[in-house]
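K.L.:
Okay, these came from TrEMBL:
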- A:20-41: transmembrane segment (TRANSMEM)
- A:61-83: transmembrane segment (TRANSMEM)
- A:89-117: transmembrane segment (TRANSMEM)
- A:129-153: transmembrane segment (TRANSMEM)
- A:184-208: transmembrane segment (TRANSMEM)
- A:220-238: transmembrane segment (TRANSMEM)
- A:317-342: transmembrane segment (TRANSMEM)
- A:354-377: transmembrane segment (TRANSMEM)
- A:404-424: transmembrane segment (TRANSMEM)
Amino acid sequence: MINESAVFWSRVLTELTLSFHIIYATIGVGIPLMIMIAQWVGYKNKDEHYILLARRWARGFVITVAVGVVTGTAIGLQLSLLWPNFMQLAGQVIALPLFMETFAFFFEAIFLGIYLYTWDRFDSQRKHMLLLIPVAIGASMSAVFITIVNAFMNAPQGFEMLNGELVNIQPLVAMFNPAMPTKVAHVLVSAYMTSAFVLASIAAFRLLKGSNHIYHKKALFLLMKLGLIFSIATAIIGDFSGKYLAEYQPEKLAAAEWHFETEEGAPLVLLGFLNDEEEITYSIRIPYALSILAHGNPMAEVVGLEEFPEDEIPPLYIHYLFNIMVFIGMFMILVSIIYLAGIWRGWSFIKAKWFRWGIVTGGPLSIIAIEAGWWLAEVGRQPWILRGIMRTEEGATTSGQVDLMFMLFCLLYLVLGIGSVVVLRRMFRSNSIEQEIADRKSLKAGEGQ
Amino acid sequence: MSLEILGITVLWTFLFGYIIVASIDFGAGFFNAYSLLTNRSHILTNIIQRYLSPVWEVTNVFLVFFFVGIVGFFPQTAYYYGTLLLVPVSISIILLAVRGSYYAFESYGSSGHKGYAFAYGLSGLLIPASLSVVLTISEGGFVDVVNGHPELDYWKLYTSPLSWSIVLLSVAAVLYISAVFLTWYAWKAKDLEATNLMRKYALIWSIPLIITAAGIIVELRAHNKIHYENIVKLWPVFTLSAILFLITLYFIWKKQSYGMSVVLLILQFAFAFFAYGFSHYPYLLYPHLTIHEGFTNQEMAIALVIVFILGLCLLIPSLYLLFRLFLFNKEYVTGERKDHA
């Protein structure tokens, strides 16, 4: 017995929680690395500005991590509350990385607490900096383990089905499924990329708002370098993801690219709209590009949607999500290349208002790209919750009150979203960088006497 | 020992850990709000802030560990409890989320809106109350299987004296555990005023604690005969727990050995909690699900146990470091050091 309304609301509520959580989770994975790099640069060059950068980021990070932790707890429980049938089945095969994730999270939480409360406690700065290593490792490993679970949903393996029962279960084989390498790598580097561009966006915004402090310029330069490295890495791994999809989830690739008929030397469709007759209008076609994306060979054959049964094709709107993700990624690579080239060649326009506004938009845009990427990943797996094994509606709860819970969680995320933004703004406004540098100087002068 | 017993013992231990650390945390928030209300906040706020700040996130992980672990070792619990608990656990999640995030907002962001402090204090009582419903449901009698799916009988649940006694016990236990711990912590911080105030709270809350605990055993007799008989069989352990409770109270009454009192308190709850757990065996959800039927496959169980052992090798030294730097560090506890970012 399937409760249609429970299925619908379970999907909506899961989408809501994930969409909200992923903002804080992505930042939570990437920022520890940024703090670590800034503190390391500051320590190496004996440059107080970078140390302060790390310190101020760490303060802001506490707020985002708090929201990340509580919404992560929410999605962790909602997996069982909204998808009890799925968890009962999948839990037998893929519980291991979920369990590992709690350890990674535990590890991170402990060292984050220590790091935050021991800023001036140790005699050597180095000792304190080393505490960041477990924080950054814990944060990234959490992402790795959770993404492994998601990869398993896309490419389940490590078990056999016998009369509806799972037999011959191999937890490690399930973890190292074919979707895992590209997915994990893509999630990690895109989180680093997003964190770099979000922080760069803040630095550029401060510069635009009249603070001409060298502190912000140093921050911006460092972050744009990191952003460029990670955005290029994201694009390269994205290309590998295309090859993975062509091999293991061709229907997902075909739906994302609006590739209806199987053909050799397939073109890549960018942009465009789909009308009621399933004809593509206003699109750009790049000849052979889809074959290259899928198989690395311009003449290779790419399987089209025509080869799949009607009820196993994901919704076609994922093409728009794919475009949003790719275009933002390209835009960010371009902005950071121009900025760095400008610094190197002494172009003055990179200091112009309009260009800085471009960098400012990069932060929100990167977050939108993360959202679009995850919607693409999740909607593109439909109609399956566990590809080829269990359909989404079979996994959902039969409970009747999901719609009411949806309303409550809407309210919760509204409060958390507004609360975190208000608190972050107030935190940095009441203690501007100029103020803090002055305070530290007078403190040091006081100690010296 | 079979793997399912090992698994449930590990999970039960972590749940116990959560109950202790979370009780300290929840109770602290309540006492803080209460002292604001009675204009005595100057006595407690510093002590409570200093204890809570570095550990709040760790508290939450104990809970996450428990529910991820139970779905891992006993995937069928996801089906039964997941279907049944949508509403009560969703409410708990929302309360936990508001509480956790506002703690960070308040202590790192800005200080001082009284409304937050009250909401924070109140949530500390509502969370244990809403989570304790899980224990009530596990006693059986509130679940009907309709068309092959478990459904919760809310009317029966909310009109049952058993469920309200469990709610009261959870609240009383939270306040008692927290008060005893904070008495010791304040004493360590050499804050006499706070010590005396917390000592008073500890003595007050010991009374509802022991009344509700005894009451529940009596109510179980009518509600779940098998469980009641199992509890009676374990009477020496429960008696030991009661004796430990009395010794703790004696020390606190006499204003001596506050550190020992915390140790005895933890032992008292440990004996009662594990004896309760054993008496519940073999049911995860009476009478629908036992740990034997609900257990995962051998391969997964072995993998989980290995990961658990490796994880502990990582966690125990880390937790030790955390406690050494904050809980057992004189300079930190007495407030001489403020090194936060």
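Using N, Cα and C of the backbone, Cβ positions are placed for all residues, glycine too.
Automated prediction, rather than curation, is the source of TrEMBL annotations.
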K.L.:
Could you tell me what the rest of the chain brings near the transmembrane segment (A:184-208), counting residues at least six beyond its ends with Cβ under 8 Å?
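P.N.:
Same-chain residues near the transmembrane segment (A:184-208) but 6 or more away: 25-27, 29-31, 33-34, 57, 140, 143-144, 147-148, 151, 216-217, 219-220, 223-224, 226-227, 230-231, 233-234, 237-238, 240-241, 332, 353, 356-357, 359-367, 369-370, 373, 433.
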K.L.:
What stretch, picked from A:89-117, A:129-153, A:354-377, has the most CB pairs under 8 A with the transmembrane segment (A:317-342)?
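P.N.:
By Cβ pairs under 8 Å, A:354-377 leads among A:89-117, A:129-153, A:354-377.
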K.L.:
May I ask for the residues of the chain that lie six or more residues beyond the transmembrane segment (A:220-238) and have a Cβ under 8 Å from a Cβ within it?
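P.N.:
Sequence-remote neighbours of the transmembrane segment (A:220-238) are 34, 37-38, 41, 50, 53, 182, 185-186, 189-190, 192-193, 196-197, 199-200, 203-204, 207, 326, 329-330, 332-333, 336-337, 339-340, 343, 359, 362.
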K.L.:
How about long-range neighbours of the transmembrane segment (A:89-117): same chain, 6 or more residues beyond its ends, C-beta under 8 Å?
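P.N.:
Those are 32, 58, 62, 65, 69, 72, 128, 131-132, 134-135, 137-139, 141-142, 144-146, 148-149, 152-153, 156, 158-159, 166, 169, 171-172, 174-175, 386, 389-390, 395, in sequence order.
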